[in-house]
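Per TrEMBL, the features are as follows:
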COMPBIAS  456-465  compositional bias 'Basic and acidic residues'
COMPBIAS  476-487  compositional bias 'Gly residues'
DOMAIN    399-467  domain 'J'
REGION    456-490  region 'Disordered'
REPEAT    89-122  repeat 'TPR'
REPEAT    227-260  repeat 'TPR'
REPEAT    345-378  repeat 'TPR'
Amino acid sequence: MCSVYFGWSWTQTGVELHRVPVEAVIVRSRLHDVQSKMSVVVSTSSAFDCTYLFIEHHLEMGRKLLAAGQLAEALSHYHSAVEGDSKNYLTYYKRAAVFLAMGKSKSALPDLTRAIQLKPDFLAVSSPETLAENKTRSRKLMSNTSTEAQEQLLKANELEELQEEAHAAYHQGDYSATISVLERVIEISPWDPESRELRADCYIRMGDPQKAIQDLTPTTRLRNDNRAAFLKLSMLHYSLGEHHESLNHIRECLKLDQDDKECFSHYKQVKKLSKQLDVAEELIQEDRYQEAIDKYESVMKTEPSVQFYTNLAKERICFCLVKVKLALEAIDVCSEAHQRDPRNANVLRDRAEAYILNQEYEKAVQDYQEAREFDGDSNDIREGLERAQKLLKISRKRDYYKILGVNRNANKQEIIKAYRKLAQQWHPDNFQSEAEKKEAEKKFIDIASAKEVLTDPEMRQKFDAGEDPLDPENQQGGGGGGHGGHGWPFHFNPFESGSFHFKFQYN
């Protein structure tokens, strides 16, 4: 509504009518006539000004919104401008431009045609002297605008043909051809959400969700209340294992409508899974590996269909089993994870560690070498390979764990128990012939050496790192015998305690 205000007002005198002179009545009557005529003139002028301001307001708002990429809002204002003045070519032309930007060439064509047909009269002629100048300016402006409109009309025709070609290819299942045509459509009309959505669908069908995400993301701003795009983006990120991004997008959908059933259903699923994954990693950071294993088992139950999450759970359970030194279980889970994702260097690294726990050093070296092919820059893999190679080399000489028949994660009590059993079994007093006694002596020395190394934390740490602390090559300075010498290769006499009283005879 426009309001017109006057700088003057009428007042009543309060004098009774029968006391007013006849001349005063005549004057008042004439004044009422003048007021009535003035009101008609002012009212007509006001309506004209109101319409003009109304149209200009919508054109200006449309221009600003178009520049900001808010096409739907801009179109609404251009609709109002056309309704306000159906004879103005400019309103039709600008509305057609928005239709083209939105990829709606069929809607743009009638507006462009109408704009070309119209001959608007928008220049005020104030005097005969300016008439010729105004006509020249009008013709020049109309000529330029008409040319631009013709170009837009041609572009609209091309856009319509391309869109028809793209849809035909899509319905034939030729998604590659559809994408190729849509590239030209989007080049002409970059703000067209429908073309981007169609191309995103093609990318999804061709197994390229990342490119689909790139196309769908801007459509959330090109359409009002585009919950469908937010939902699809959330699902795409979810399928890629990007659960935090998935959660962010589905929350945007619920901001638009918290009662949207599809978005809310997906939100509950993503939120639950994302929470489980975050908690599982926190447990690993806190060295609570068994609890982390349980949590990743829950992850696989929550989402059994998406391969990424099962692969991730298997990988992390493999890691945790190695940390709690359950070698056989770790090898089984790591092997399954490797089958699911053969190029995963982390899985190969963890299985190599499980093989080391199980004293299968050759397999450990093989896994570390393969892991290095996929992640050659990893220090963990490089150092792990060097350690596995040292352990393999040692195992071909003496493996103290194998000598005692204990696992690499055996505690001191288990080591001493194994030592006592074997020492009693291989004590040279138990053998009669000279050959048997010499063989028993050799085994007994190995058993005693193993006990010394594995019950000493510092020596055991060196051995676990791939270094034999009793090997003369690894000892600094002189001294220290070996199996080839006549002295003990350890720092105690295995026959000093217990019921053994054997005296070695050397030839």
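From the backbone N, Cα and C atoms, a Cβ is placed for every residue, glycine too.
Confidence across the repeat 'TPR' (345-378), taken as the mean pLDDT and rounded to a whole number, stands at 96. Here the repeat 'TPR' (345-378) has long-range neighbours at 315, 318-319, 321-322, 325, 327-328, 330-331, 334-335, 337-338, 384-385, 387-389, 391-392, 395, 399, 401-402, 407-409, meaning same-chain residues at least 6 beyond its ends whose C-beta is under 8 angstroms from one of its own.
With a cut-off of 8 Å between Cβ atoms, the residues of this chain six or more beyond the compositional bias 'Basic and acidic residues' (456-465) that come close are 387, 390, 394, 400, 408, 474.
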